[in-house]
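To start, the structure under review is shown below, and the notes come after it.
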Amino acid sequence: MRSIFWIALHGAYFVKWSFLKTTKEPLPRRSKTNTTSRCLWTAFRYQIVSVNVTTLNQRKVEILDPNLKEVEFSYSVDWIEEPQLAWADRMLRYADSRFIPSTFEIHWLSIINSFVLVLLLTIFLTIILMRVLKNDVSRYMEIDNDEILEEESGWKLIHGDVFRFPSHINLLAALIGSGVQLCATTALLLICALSGVFRATKRGSILTALLLIYVLTSFITGYISARLYRQMGGKNWTWNIITAALVFPGPLALVWSFLNSLAWSNASTAALPAATVFIILGLFIFVSFPLSVVGGIAGRNSAGDFDAPCRTKKVAREIPKDGPCFQHPVVQALLAGFLPFSAIYIELHYIFNSIWGHKIYTLFGILVLAFIMLFMVTSLITIALIYFQLTREDHRWWWRTFLNGGATGLFILAYSFFYYFQRSEMDGFFQASYFFGYMAIVSYAFFIMLGSVGFLSSLSFVRHIYSVIKTD
C-alpha cells in the first residue's frame, strides 16, 4: 500500500472536472500559481458531477532508484461544463454504462436464454407430472371400496401416514416463517429499486433499504411461524416466537460481531461506528422483535386445525429401506440444488462482481427475472422429487422438502470458494474472514428462503393429490 501511495503522489496527473454552473460568475481560468485554491473556489461555486484522472506517460518517474531523493509532483486541471446534466441525475451516467458496457447485450441474451430454458423445463415437467397424476387418480377412482386395500400401491398406500407431523416442529415452523419474511423482503427491495424509491448508485442505500424492509416485515415471521406451529399441534408457542425471531438474526449477529470487531482491530473503514451499531440494535429490540411477537400472537389466534384431507393412523408405517441410488436424500438434495443454481449462475457472477469488485449494479430488471426463475425451478424440482419419494412409499417429506428447496444455498456457498480463489484478488486473513463470513450468511439466507418456497409448494401439492382420491 505504501508503494502505491508514493507512486500516486509522485506521478503526473491530468484531471478533468465536469461541473454544473449554478451561478452567473465567469469560469475561473487555470493559473500556474495557487491552483489548489482555484480548484476549491470552483468546487464551492459549481456543482461537480464527475472526475476523470489520467496519468501522463510522458511524465512517468521510476522511484526504485535508491539515489533518488526528490521527485517533482505536478498536475493540471480542465473544467468541462455540462449544463444539460441535472444535479439530481448526476449518477445516471453510471447506470447507463451498466459497469460492463461491452458485454451488456451478451448479459441480456444469456439471461433470456436461461429464462426460456427454465420455462421449457417447467412446462415439460408439469405436463409429465400432470399426466402421471391423472393416470394414478383415474385408476384409484375406478376402484370399488371393497377392493381399495387390495389395489392400493405407490403414493396412495401411505395416505394414513403422509400427514403425520415431523419431529422438531418448532424449528421447522421458525425456519418457514423466517424464509417467508426473506422472500417478502427480497420482493419489496426489488420493487423499490425498480420504482426508484432509493438510488441504487448511492453508497449504502441498498443495505439501508434492505435493513428497514427486513425490520418492518418481521410481523410475517411471527405470524407464519406461530400459525404453522399451532396447526401442527405445538403447545409452547412462546418459545416458538423467540425461535422464529432469532433463527436468522441470531447467526447474522454472531458473524457480524466477529467481523466488525476484526475490522475495528485493524482500523478498517469497513467497521461500523458505535452509533450505527446502537441504531441497528435499537431497531431489532424496539421494532423487529415486538413486531414478531405481535405477528406470533395473531398467527396463533387465527390458526385453526391442520385440516388434512386424510386421517392419520395411530401406528406409523414402516419405511422401505431398499431403493435406487438416485432417491437417496443426499443425491436428491444435490439435484434439487444444482438446477436452480444453474438458472441463476450467470446473474450470480455479475452480482459477485458488483459486491466484491466494488462496481455499480443497476440491472434490477434482469435480477427480477433471475429471482422468478429461481423460485419457479425450486418449487417445481422440489415437487417432482417429493412425488418420487411418495411413490416409493416414504412418507417423511416434511423436512425433506425444506432441505431440497434450500440446497441451492449450499451451491452458492461452494461458488463463493471458486470466486475467491479464481476470480478475486483478495488475500490475507482479514479479507478472507470478511468474504467467507458474509457469504456464509448470504448462503444461509438463500437456504432458508428457498427452503420455505420448496416446503410451501410441496405442501400445496401433497394436499391436492390426496384430496382427490378415495380413502378409508
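Any Cβ shown, glycine's included, is placed from N, Cα and C.
TrEMBL entries are annotated by machine, without manual review.
Long-range contacts of the transmembrane segment (106-133) within the same chain: residues 98, 100, 339, 343-344, 346-347, 350, 363, 366, 369-370, 372-373, 376-377, 380-381, 383-384, 387, 465, each at least 6 residues beyond the stretch ends and with a Cβ under 8 Å from a Cβ of the stretch. The transmembrane segment annotation in TrEMBL covers 106-133 (among others).
Among the features that TrEMBL reports, transmembrane segment is placed at 171-198 (among others).
Look at TrEMBL and you will find 204-225 (among others) tagged as transmembrane segment. Within the chain carrying the transmembrane segment (204-225), a Cβ under 8 angstroms from the stretch's Cβ atoms is held by residues 173-174, 176-178, 180-182, 184-185, 188-189, 192-193, 197-198, 240-241, 243-245, 280, 283-284, 287-289, 291-299, all 6 or more beyond its ends.
Here TrEMBL flags 237-259 (among others) as transmembrane segment.
Within the chain carrying the transmembrane segment (271-294), a Cβ under 8 angstroms from the stretch's Cβ atoms is held by residues 211, 214-216, 218-219, 221-222, 241, 244-245, 249, 260, 263-264, all 6 or more beyond its ends. Look at TrEMBL and you will find 271-294 (among others) tagged as transmembrane segment.
Residues or ranges marked as transmembrane segment by TrEMBL: 330-352 (among others).
The transmembrane segment annotation in TrEMBL covers 364-390 (among others).
Taken from TrEMBL, the feature transmembrane segment covers 402-421 (among others).
Long-range contacts of the transmembrane segment (441-462) within its own chain (CB-CB distance under 8 A, at least 6 residues past either end) are made by residues 162-163, 175-180, 182-183, 186, 247-248, 251-252, 255-256, 336, 340, 374-375, 378-380, 382-383, 386-387, 390, 397-398, 401-410, 412-413, 416. According to TrEMBL, the transmembrane segment annotation covers 441-462 (among others).
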Intrachain residues whose Cβ lies under 8 Å of the transmembrane segment (330-352), provided they are six or more past its termini: 100, 107, 110-111, 114, 117-118, 121, 361, 363, 366-367, 370-371, 373-374, 377-378, 381-382, 385, 389, 400, 403-412, 415-416, 419, 423, 450, 454
